[in-house]
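*Asks:* There's a structure below that I have some questions on.
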Amino acid sequence: MSGRFITLEGGEGVGKSTQARRLAEALRAQGHEVVETREPGGSPGAEAIRALLLEGGADRWGPGAEALLFAAARADHVEKTIRPALAAGKWVVCDRFLDSSLAYQGGADGLGQEAIRALHNVGSNGFLPDRTLLLTLPADQAAVRAAKRDGDGADRIGARDAAYHARVAQAFRALAEADPGRFRIVDASGDAESVTARLLAALA
Ligand SMILES: Nc1ncnc2c1ncn2[C@@H]1O[C@H](COP(=O)(O)OP(=O)(O)O)[C@@H](O)[C@H]1O
Ligand SMILES: Cc1cn([C@H]2C[C@H](O)[C@@H](COP(=O)(O)OP(=O)(O)O)O2)c(=O)[nH]c1=O
């Protein structure tokens, strides 16, 4: 039997990493074998590309090179980690996936959805999640959570200005509204336990 591929999406600081952990635990408690993974990264090759993407100066990469690197990392992650786990009947919970490229590079950077989907077709044969959970939180609350975690140490992309992150949030919402079959929008406010309960309800 094939497993299920679940992705968590949303802007910086909404609680994706926290919830990926909690959701994986809850699914294990239901008897599933669960692989927890993340992007950019999730396989040795993709983790090496992650360092290229997130470290260094703001102008290290232009939008096109950045989109290609995310797609390359994703191709390796899908081939080496995600597909083998699903084929073995495991569930995969992934912190960010294609929709992050659609929202950041396609939306906020202006490359457009078509270009990002074309790269994904080349790299990963257009492979999509079974379910995508979009965590939403007002920008001021997300910024407080992210600042508490990062201090002054935000990465190359996280450090972009508020207008950029507003475009990302808007792009995520448009993606979810355009594909209600795959997406569920989940309120990320309140304590972590309440958010996990909402995510489990959205998956049921
Ligand atoms: N429901 C919550 N309420 C308050 N703080 C939270 C909640 N969920 C996560 N956090 C904290 O907010 C910060 C960002 O959470 P994180 O899971 O890293 O977000 P993301 O992966 O979306 O950037 C972390 O310090 C985390 O402990
Ligand atoms: C997967 C992915 C991430 N990103 C960005 C979003 C984040 O700023 C950064 C990943 O950092 P990460 O620390 O994993 O995310 P978060 O800050 O939400 O915990 O890369 C893209 O721009 N495109 C993508 O396709």
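Cβ atoms are placed via backbone N, Cα and C, with glycine included.
Sequence annotations record features per position, and here TrEMBL assigns domain 'Thymidylate kinase-like' to 8-196. Sequence annotations record features per position, and here TrEMBL assigns ATP binding site to GLY10, GLY11, GLU12, GLY13, VAL14, GLY15, LYS16, SER17.
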*Asks:* Please check the binding-site residues GLY10, GLY11, GLU12, VAL14, GLY15, SER17 against ligand 2 and give me the ones with CB under 6 A, sequence order.
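*Replies:* What lies within reach of ligand 2, judged by Cβ under 6 Å, is GLU12, SER17.
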*Asks:* I'd like to know which of the binding-site residues listed (GLY11, GLU12, GLY15, SER17) lie near ligand 1, counting only a CB under 6 Å away.
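*Replies:* What lies within reach of ligand 1, judged by Cβ under 6 Å, is GLU12, GLY15, SER17.
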*Asks:* Need the DSSP three-state call for GLY11 (ATP binding site) to compare against my parser.
*Replies:* coil
*Asks:* Per residue, counting other C-beta atoms within 10 angstroms of the C-beta, which of the binding-site residues GLY10, SER17 reaches the highest number?
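*Replies:* Result for the most crowded candidate: GLY10.
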*Asks:* For the ATP site (GLY10, GLY11, GLU12, GLY13, VAL14, GLY15, LYS16, SER17), what does the 8 A shell look like? I mean other same-chain residues with CB within 8 A of the CB centroid.
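*Replies:* Leaving out the recorded residues gives LEU135, LEU137, ALA142, ARG145, ALA146, ALA188.
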